[in-house]
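Trainee: Below are the C-alpha cells for one structure; questions will follow.
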Amino acid sequence: MEPIRLNTIEEAIADFKEGNFVIVVDDEDRENEGDFIIAAEKITPEKVNFMLTHGRGVLCAPITEERCAELELDMQVSSNTSIYETPFTVTVDLLEGCTTGVSMHDRAMTIRALADPKTKPADLGRPGHINPLRARSRGVLRRAGHTEASVDLAKLAGLYPAAALIEIINEDGTMARLPQLVEVARRFGLKIISIKDLIAYRLQMESIVDRGVEVDMPTQFGHFRLIPFRQKSNGMEHIALIKGTWDTDEPILVRVHSSCMTGDIFGSCRCECGEQLHKAMEMIEAAGKGVIVYMNQEGRGIGLMNKIAAYKLQEEGYDTVDANLHLGFDADERDYGVGAQILREIGVKKMKLMTNNPVKRIGLEAYGLEITENVGIEIKPNPYNERYLKTKKDRMGHTLHFNK
C-alpha cells in the first residue's frame, strides 16, 4: 500500500487564494477529522450547497477575535465545557437582502458579510443560521484546530481573515478519516493538507521567540545549562534548562513545566508542581541528557492573581476545573506552541515526554515534535492535594494511580 501523500502548504495557499476549497485534516489523537475550508470572501450560494451536500457537517465561519469584538459577537456560553472547546459565538443572519436566512443564497450572503469591513453589529440578526467561530490570536501556533487553520490560510493567501468550513462526513453518517478524505480530494480535484504541516510551515517562516545568552547553571539536582527566551507577542520570558548533548534523531527526556510560584518556590502542598520539577531534574541528571522547558504560564496560563482566586473558590467547594470556568477561563489556557518552538530552537526533534497529561502530548505533537515515549512523573498525594489530583485524573484525563 502506497503511503498517503498530502499537498504542500504552498500549493494549498495558491488554491485557497483562487477561491477553491482546501481539505484540512487534524491529528488522529485530536478530532481526527477533515473539513472543507474556503475563504469567506470567495463563498457563493453554489459553494455553500457543495459544502452542505458533500460535507454534511455543521457550516461555520471562523473569524478573528478582533472581528468578533467589532461585530459584538458574544460566545454562546460563558464556560465552554465541550471536548475541544470549539469557540462558537452566537449565531447570526445578515438582515438586509436575506429572507429566512436558511437558503444557500442567504447563508452565502451572511458569510460574506462577516468578511466585509463595512458590516456593523446592527446589520446582523441574532440568532441566525451561520455559526461564527472565534479563532485564537496567533492561529495554529496558539491552538491546533480547524478554526485557526482556516483564518491562517486566509492570512497567508493575502485575503480577509475569515473563512467558511464544514466537517466531512461519509454517506453512511460516519466521520471521514484520512483515507476517505484523500479519496474526496481526488474526486473533486482539491488540495489536502494537515494542520501539523501548517504549523511546521509557520514555525519555519516565522520566529515567535528571541533567544538569550547561554550560561552554566549548577543546582542541587545537577549541573545544567540555562538559556532564556522572550516571547515576541507579549514579552513573557521562559527558560530552557539543558543537560548534555544528543544526536539529531535521538529521543531525550523532556519536561515542559508551567511555572508555579506557590509550588516551585514556596513548596505548596496544594499541588505537586514543585516535586514534579525537582523529580524531573533528578531524572534528567541521572540520564545524562535532557531538557526542561520552564514556561511562564502560572496557573495553567491564567496568571498568579487568578490562580489564587481559583484557590479561594476551591476552599469554597469548587474543584480546580470548575474554579477556572467560574472565573471565565478554560480549564487549561496554556500555549504549547511557544514551548514547541523553544524545543526546536535548541535542537530537540524526538523526545521521551515527562508528563501525566495527555493534552500536553497532543499539544506538542501538533507542532511537529515526535514523542517516542510517555514517561510518567507521578508524585505521592498528600491530604492537601488529593482532591486536586483526583480532579485532574477524573476530569482532565491525567494518568494517575492512587487509592481513594
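Cβ coordinates are placed from backbone N, Cα and C, and glycine is handled just like the others.
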Trainee: T174, T219, T320, T391: which one does Swiss-Prot list with R255, V256, H257, S258, S259, Q276, E298, G299, R300, T355, K360 for the GTP site?
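Mentor: When Swiss-Prot describes the GTP site, the candidate it includes is T320.
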Trainee: Between R255 (GTP binding site) and C273 (Zn(2+) binding site), find the distance joining the two CA atoms and give it rounded to the nearest Å.
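Mentor: Given the Cα positions, R255 (GTP binding site) is 12 Å from C273 (Zn(2+) binding site).
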Trainee: Let me know the largest Cα to Cα distance in Å among the GTP-binding residues R255, V256, H257, S258, S259, Q276, E298, G299, R300, T320, T355, K360, as an integer.
Mentor: 22
Trainee: Near H129 (site 'Essential for DHBP synthase activity'), which residues of its chain come within a Cβ-Cβ distance under 8 Å, counting only those 6 or more away in sequence?
Mentor: T91, D93, T100, G101, V102, D106, R107, T110
Trainee: Quick one: pull the CA-CA distance for R334 (active site, nucleophile) versus A144 (D-ribulose 5-phosphate binding site), whole Å only.
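Mentor: Their Cα atoms are separated by 12 Å.
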